[in-house]
Amino acid sequence: MATLMRFTKTVMKNLFSKPVTTAYPAGPAKVQERTRGQVSIDIDKCVYCTLCAMRCPANAIKVDRNNKIWEIDRFGCIQCANCVNVCAKNALSMDQHYTSPAAKSVIVTYGAPKQESEKEQAENKSEK
Amino acid sequence: MGNRSIVPFGPQHPVLPEPIHLDLVVEDEKVVEAIPSIGFIHRGLEHIVKKKDFNDYVYVAERVCGICSFMHGMSYCEAVERVMDVDIPERAKYLRTIWCEMSRIHSHMLWLGLLADAFGFESLFYQCWRMREKILDMFEMSTGGRVIFSVNKVGGVLRDMDHEMLSNFIKQFDDMEKDIIELTNVFLEDYTVNTRLRDVGILTKEQGLELGVVGPMMRASGIAFDTRKLKYAAYEWIDVEPVVATEGDCYARTYVRIKEIFQAFDIIRQAVKQIPDGEIAIKAKGMPNGEAFVRVEQPRGEAIYYVKGNGTKFLDRFRVRTPTFANIPSLLETTKGAQLADVPILILTIDPCISCTER
Amino acid sequence: MREEYKIIELQPERLVDTAMRLKRDLYRLVQICAVRIESGYELTYSFAKEYEFLNYRLVINEDVVVTSISGVFETAFLYENEMKDLFGVNIDLINLDYKGNLYRIEKPTPYKE
């Protein structure tokens, strides 16, 4: 008989304890200090060196050096934090929160607006 | 002789979230032969090594598999380090060992859950995964990822675990161990569970040697072999003895894996006691030129990594032989003569990971 | 500090009898791996007995036909099919030949180039 009631103790414990799950998304998700959620960029620090784009294993980052645009495909990104590790200017960091699910791909662009970049381009040309 | 017919099993099957397809030749309810067919998710990850910087490929290597991801990344780094003749700091070796063993606990808990699910014990399945969740939280705390850690690099590790974190983990493991003993006793002693596992799918020692089985499957057939006895990570300083059972049936395989969970707890305690202070990574200079084999013990068994470099930042070849690949022939052997209803359990007891088999 | 292992050069015609000898000595087949090199392929057959690790290396031209060792080591069929399907190595007499269908891939022998 002893071999039949093996699970009873667990069942009783389970019956009188709080649920172990949380009510996400109604409640907040558990995150830790080191959680790699998504890549965030401090665009003012970025020098458009393209190092992050070159070293990205998933080719999710695109950097346009001439127009000074930094672009990331949120769902292409695999959250390996390689870009954060290689960034020479410490412009990139890992945010603890994940990108919210979406039906379409989310491409986020950072960087100077068009007109400004054109101006800078002209300046660059004149310097050369 | 009964009627012969062919029953397709998979690639979509309720008990198995892995895309393996078997053509089961059955005679009435008895399986006569099984013909495997894999290849539904071949991704060509091995070939990417030719197009990615060997430092960045670590992150691709990790994604070969979602369960033993840490070991894939680690072994790739270990292989490249051997080619480049880099000796990583001792602390990094110990950290790798701790993460390896935590992966083993998490993998075996996952497997126990799946096994419970396969013989229809849903609440046991939930309880096993509840325990696994705690390990995943610890992973997130120490590495930032729940299943894919991205903490390895050629030359060491990227994240450190301080003394406080380690002693906190040990405390949690002590609590977990009590709960896990309670749960695993259900697998080992419960009458109904035993009727499903005992004397099902027997693989003898001779068959095991001939078919080249690896891992817990091999040890359950009475072959005392554990790749952890070889020198990789910090295992040379750690006391580890292979867990062996002799019956060779599904029960023995469950027994071996359960004992390995407790062995893993023990290894982590040893590692935490011995871990030295110091650097966690050194800079690996130069480019890999040469070749190296690395054998490691994954939760599912022995895995082989081969790296060949040509002196540039792109490697010539990276090859993984995952334990499931070596265990498929033994799966076919055990299904012969089995009841059709037992096939899901037989497939599960090799702990299949088809995704990493196909890479 | 690190695991020691041997790599032994082998002529393709000696492969099957070497395999038979290893089988008799109770070795198990660990893996077979192909590497594409300029002149053809480099095949490595790995065997193990307990903690000993042995590797046999075949360096062959592209058109050389290698005899399968699946008659000796039954489990070799998966590795040999893999080499055949991904690298296009000519392997003859495999006991379960998938004829390019082991992996469901778009183009044949993608690792050959």
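Backbone N, Cα and C atoms are what each Cβ position is placed from, and that goes for glycine too.
Since the structure is predicted, the reported quantities are computational estimates derived from the model, not experimental observations.
Feature annotations, courtesy of TrEMBL:
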type	residues	note
BINDING	B:E46, B:V320	Mg(2+) binding site
BINDING	B:C65, B:C68, B:C353	Ni(2+) binding site
BINDING	B:C68, B:C356	Fe cation binding site
DOMAIN	B:120-284	domain 'NADH-quinone oxidoreductase subunit D'
DOMAIN	B:287-359	domain 'NADH-quinone oxidoreductase subunit D'
Local confidence of the domain 'NADH-quinone oxidoreductase subunit D' (B:287-359) - pLDDT mean:
84
Integer Cα-Cα distance in angstrom, B:C356 (Fe cation binding site) to B:C65 (Ni(2+) binding site):
5
What number of additional C-beta atoms lies within 10 angstroms of the C-beta atom of B:C353 (Ni(2+) binding site)?
25
Name the secondary structure element type, per DSSP in three states, that contains B:V320 (Mg(2+) binding site).
strand
List every residue in the same chain as B:E46 (Mg(2+) binding site), at least 6 positions away in sequence, whose Cβ is under 8 Å from its Cβ.
B:R317, B:F318, B:R319, B:V320, B:R359
On a count of neighbouring CB atoms within 10 A, which of the binding-site residues B:C68, B:V320 is highest?
B:C68
Would you list the other residues of this chain near Ni(2+) - those whose C-beta lies within 8 angstroms of the C-beta centroid of B:C65, B:C68, B:C353 - in sequence order?
B:V64, B:G66, B:I67, B:S69, B:M71, B:H72, B:S107, B:Q298, B:P299, B:R300, B:T322, B:T324, B:S355, B:C356
Taking the Cβ of B:C356 (Fe cation binding site) as centre, how many other Cβ atoms lie within 10 Å?
24
Looking only at Cβ atoms, how many others are within 10 Å of the one on B:C65 (Ni(2+) binding site)?
27
